[in-house]
């Protein structure tokens, strides 16, 4: 009920201003009696993924809490994990505003944020300050002004800094809003990146005395042969997990709507079937050797279960969470519990 009222107010505002207001409000009320407006206790529905045990299969996708400012608040809502980021080595402002657009009739969002964040050192401070014991994944990327050929170094810098504080690390090479980034999904550039990250992981595991799994986040705009090559590279480099998918550059299901011609990645309900299709293709190629988090367009428990049936082990929500609120978390967890009996 409270979320519906808050949503009505925020949907009258500019989307980015509403986002910043929400983050500020959650940050100031976390771990206080005021979190009663959004906190909910969910029944346990544990899931094993990448060698870790998560309290339930529903996570918050990267992009909502880029700087890790509201980890405890999102944990209180019942998320089984919170993926923060995308974070880059140095702070950067992202693309010019406006850069975030609602397509309300389609329950969709277009964004061209461009990895706006306060930098990895700021994120690490927030990870250290979190009190809830939430399972936190850290989504890492490269700075816009780092040439793609040197992008690997940005990922290694971020990985080294967040490693001691992350439950897992997600490698984002699939945002459409950083020029050239998606080229890292192909051929030698991909193999070189994954191999370097695995070598770094081995070094950091020995140094810190703990193994932090790493997962690759891929785009939905891939041909079947491209998905197959990514799967082969994941297996060859012994990656721990995959996250499918990021936002799409297609505009299926939104043509003619206000804001549908804006540049950027489309998320929300229109992405659902495409991302589920990619999950199925990826799962078929991986043959159980690398587990998958399914994300993209989940707006109901049925959408989430479809992704699990397609081959995902866990799911993440973002746009659906904006449109539905914390009730969507509970709805999916309850459906998962019934399915798992």
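All residue numbers here begin at 1 and follow the chain in the order shown.
Just so you know, glycine gets a Cβ as well, placed from its N, Cα and C.
Small disclaimer: the values here were computed from a predicted structure and weren't measured.
The feature active site, nucleophile is assigned by Swiss-Prot to 175. According to DSSP, residue 175 (active site, nucleophile) is assigned to coil rather than to any helix or strand.
Taken from Swiss-Prot, the feature FMN binding site covers 62, 63, 64, 65, 66, 86, 139, 172, 217, 245, 268, 297, 318, 319. Annotation note: residue 64 (FMN binding site) sits in a coil segment as assigned by DSSP. Remark: residue 64 (FMN binding site) has 74, 318, 321 as non-local neighbours, by Cβ distance under 8 Å and separation of at least 6 in sequence.
Taken residue by residue with DSSP, residue 114 (substrate binding site) is part of neither helix nor strand, so it is coil. Among the features that Swiss-Prot reports, substrate binding site is placed at 66, 111, 112, 113, 114, 115, 172, 177, 246, 247.
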Open item on the list: Let's check the environment of residue 175 (active site, nucleophile): how many other CB atoms sit within 10 Å of its CB?
Closed with: 25
Open item on the list: Measuring Cα to Cα, how far is residue 268 (FMN binding site) from residue 175 (active site, nucleophile) in Å?
Closed with: 15
Open item on the list: Using other CB atoms within 10 angstroms as the count, which residue among the binding-site residues 114, 268 scores least?
Closed with: 114
Open item on the list: Most Cβ neighbours within 10 Å: which of the binding-site residues 66, 112, 217 is it?
Closed with: 217
Open item on the list: Cα-Cα, whole number of Å: residue 66 (FMN binding site) versus residue 114 (substrate binding site)?
Closed with: 11
- [ ] Please work out the number of neighbouring Cβ atoms within 10 Å of the Cβ of residue 318 (FMN binding site), leaving out its own Cβ.
- [x] 21
- [ ] By CA-CA distance, flag whichever of 62, 139, 175, 217 among the recorded positions is nearest to residue 114 (substrate binding site).
- [x] 175
